[in-house]
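*Asks:* Pulled these features from TrEMBL for this protein:
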- A:2-115: domain 'Response regulatory' (DOMAIN)
- A:51: 4-aspartylphosphate (MOD_RES)
- A:129-227: domain 'OmpR/PhoB-type' (DOMAIN)
- A:129-227: DNA-binding region (DNA_BIND)
């Protein structure tokens, strides 16, 4: 499985690719934003590890421009560690973030959580049509995409996973902890807003095609996908 | 912040306390000075100017004309042996303007026409000895005197223009007192107002800029015109250059903080990564050392994060991400973790009361404040940590331990970054020495207050007061 790492820290790139190669991934690393964006647009990577502070083009800008054409999963590597950075990254469509300095095991867990579905697709037989239809929204579990009124939603991998999880459990409250563990492969930290950000992105994308609330917030507990009549 | 509180009590406060405003002081004093000066001048001029008459020398054609008239009257009287009164009633003269022949005795004086009642010719008696003049009075303008010597005695000829408006300065002089006073008051009022405003406007603009600046708006500048060259203009420009300097310093400090965090964390990330790789290949013996390296790296990471947070909070450069949130949810989160930590240390938490009230706050900051205080309490407690929650007009949170407490003279130093007591409170459980500083700053950032005190029966108490801020 091929990963792209965009980080200006060459030392870290070397160490990380050594580590991830040992874990069975194939790593390509570049050290500036512009070059990284070009590679990401041309090739299909299983995942991109994207640093925020980069020469020529910063991480947010790379993500913004990439998202206009591609939904390749992105994990942001943030060094600033400020709240704003993380939320901004998630708003732009990052799948997850991991603050530097990170634990190698934690990074691996997150990379695996997000790349899992690629393996899933490969092992699945696409011809077996497996569709869920809930309240005007169709989730195609085989093709791993969701649509509203025949408009395919441009969801990132993480957003799709969350929507699929919610629609499989339509009408029931799904806790944020469960979503975090199932989709991001990690325990939800206190006051972590990542899930809320992803859900808000999903809501926005659904609202472009259909009116009415589909995903309801249960304060303090989680989210419910509202079943139609 | 303290700056902004002054002079901000409602828009009409200047009516209640004009004494608090420099504008009114300058305005009143300047105005009073002008009024005083005018009053004094008027008073003095009233003492000297007894009669309301003024005059200036008569020259040119008018004088010649008058001399000619006098000569012809004189000649006619001698030649035709007429009386003066006959002469005056002669059509040639009676058609002219009012002619007045003043005699030595007022009763003997003559005119060529009926004199209106309100015209007082006796005013002219004082001028008889003068050379020809134009004499201004309230009602008329007189030209003369020209002496006429006839057998019946000496007369003085005046030609009088009754319809003539008195000149401006005389009119002013003759104005009734109340009008003079009100004109003076109104004129000086406008002048004083303009003067004080001109003086105060740059000060006010300086004040506004200073308040904005202290409130964190670093782009605030005083609006002082470049052409203003006086002291206030210089002060304003100095203020602006100071603000420029400040903005530059603070932005470079912020950049420095971000840079430090980035630069220190990059090698730390590499260190952890390398440790991870080493752990994959290491044998049993070196594994424990690698774990130790990892632990120390984590400690270093925590320290960098804490230093950054304290300096951001102290510089007030951290924007609070405020959210309407029930305080109880935040407290429950923190208490869950604390409960776990206390159990591990064989200590127990006693929680009394609740704080189920929705407030507008930055939950991560409040949580980190409570976390740090609780961790501190758990660290030093012998067996029990008691937490009391209460909300009335504000939110009160009390966290007490039953440990050894702190010498009273060191209580207020506890919240200083990296403050350590030399003896009892040592770094045992790996704190960074910044926990209480973070707690204090986080609470202050919410407009609250943290007070540390010793309990009588021993142990340290942290009292948090948080104002209830709604959206």
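Every residue, even glycine, has its Cβ placed from backbone N, Cα and C.
How buried are these features, and what lies next to them?
*Replies:* Helix, strand and coil residue tallies for the domain 'Response regulatory' (A:2-115), in that order: 53 helix, 24 strand, 37 coil [DSSP].
There are 25 other Cβ atoms within 10 Å of the Cβ belonging to residue A:51 (4-aspartylphosphate).
Across the domain 'OmpR/PhoB-type' (A:129-227), DSSP helix (H, G, I), strand (E, B) and coil residues number 35 helix, 25 strand, 39 coil.
Averaged across the DNA-binding region (A:129-227), pLDDT for the predicted model comes to 86.
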